[in-house]
Amino acid sequence: FFFFIQDFSKAMSQAGSSQFQEVIRQELEYSMKVELDKILATAHSNEIEHTKKDLEGFKKLFHRFLQEKGPSVDWGKIQRPPEDSIQPYEKIKARGLPDNIASVLNKLVVVKLNGGLGTSMGCKGPKSLIGVRNENTFLDLTVQQIEHLNKSYNTDVPLVLMNSFNTDDDTKKILQKYSHSRVKIYTFNQSRYPRINKETLLPIAKDVSYSGENTECWYPPGHGDIYASFYNSGLLDNLIAEGKEYIFVSNIDNLGATVDLYILNHLMNPPNGKRCEFVMEVTNKTRADVKGGTLTQYENKLRLVEIAQVPKAHVDEFKSVSKFKIFNTNNLWIALSAIKRLQEKNAIDMEIIVNPKTLDGGLNVIQLETAVGAAIKSFENSLGINVPRSRFLPVKTTSDLLLVMSNLYSLNAGSLTMSEKREFPTVPLVKLGSSFTKVQDYLRRFESIPDMLELDHLTVSGDVTFGKNVSLKGTVIIIANHGDRIDIPAGALLENKIVSGNLRILDH
């Protein structure tokens, strides 16, 4: 009897706490609604419609954020994906290409995620407008690639850019320069959501404007927003009406993400007659990729698991290269009709990513975001394809920029391919220190980009500059101590060398 009383009172207190939590949740939702209504009331008549859509989308996300217990997956339910759910690229390539590849290409749309700014590399404006190779920007290279496809096969593959409110104006100005290229370019904007105060869980914006002192009040909610924004823009329906069937989505800063005809053929002409609605390109992990999201089998569905969803006790296991061998490149192939169907049923399920930020004034805020690949579990007959590492060549830092500007790669029709002169297909590990973080500083420190064909590893730290025609081979470590400066002289060859201390080549 005593145990029964104990259990009963425990159950009552749990019920009480869950009722209490429910009351708190309702109060928070009500307060949020009041604040969002106030913000909407400040919109001009021409802004009301799209602001309303944005705030409705945000409200749904906020509701889910309050309902869900946290991002963790149930680790016990994670299984290895079945053998046939992740296909090797070689097997798909071995099928060859049909004679009518042009008619297959005409069903394709290329979508680039273009919402990011170049701030992490010290640049103002859209990241896609940073020069990466022979004065060509990410956007230039993308347009060149698609133009080359359209000319080679006499096709009409359009380019769609998903911009954010941060990148839209600058991108549209630049697009005029491609008006004579053989690529139709469309844009649509992802949503604009209010950042919320971490303590009060209320928006920090007081009105709809996002310029001046309000720039920090708003954010684009991650690339998972593509489904709703693409659908709401009307562009999805227009492309379906034109007979387009698949989109190939990738980050604009991934220079390896070119249209692959073998994967496209596999989608359009599946060997078993059953079309995939969603294909995720994955590639083998190296030590540099241990934090990348991985594909698993979860409740009989392929599911993308990100490090943020892993319970703390299992993070090391998640990072293990031997257990989780692959990671998501964010190169995705998705059926347009499936996006439309799921969007109309409100059936696209993506985990919420809570991204904490500290603003310049010291205020702690959170952004609620989603990731495009997380929707894989909502689509039918999804597939992973294990592609060569060369399809994942992101430029996130100046260390990455050094690789793509070097003679490791040759440029042809907007595509970078690794030089045949390099004896092994892996990319050297490059770590440039904080003196190189900003693109302007980085460019100032190299009179010309070194020969890196035989380089394995480069670490540079401190005040270091490189003269013209320097060659780097094997493992090279250059460390200028605080207050010292190292100038690597023109024509120098550094092979398996550690250079430290102070090295100034005096001008005569």
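Using the three backbone atoms N, Cα and C, a Cβ is placed for every residue, glycine included.
Heads up, TrEMBL stuff is auto-annotated, nobody curated it.
Quantities reported herein were computed from a predicted structural model and do not represent experimental measurements.
Listed features, source TrEMBL:
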BINDING   Lys127, Gln190, Gly222, Asp253, Lys396  UTP binding site
BINDING   His223  substrate binding site
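Overlay of TrEMBL annotations on the structure.
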{"residue": "Lys127", "record": "UTP binding site", "Cβ neighbours (10 Å)": "24"}
{"residue": "Gln190", "record": "UTP binding site", "Cβ neighbours (10 Å)": "27"}
{"residue": "Gly222", "record": "UTP binding site", "Cβ neighbours (10 Å)": "23"}
{"residue": "His223", "record": "substrate binding site", "Cβ neighbours (10 Å)": "24"}
{"residue": "Asp253", "record": "UTP binding site", "Cβ neighbours (10 Å)": "23"}
{"residue": "Lys396", "record": "UTP binding site", "Cβ neighbours (10 Å)": "14"}
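When the alpha carbons of His223 (substrate binding site) and Gln190 (UTP binding site) are compared, the span between them is 8 angstrom.
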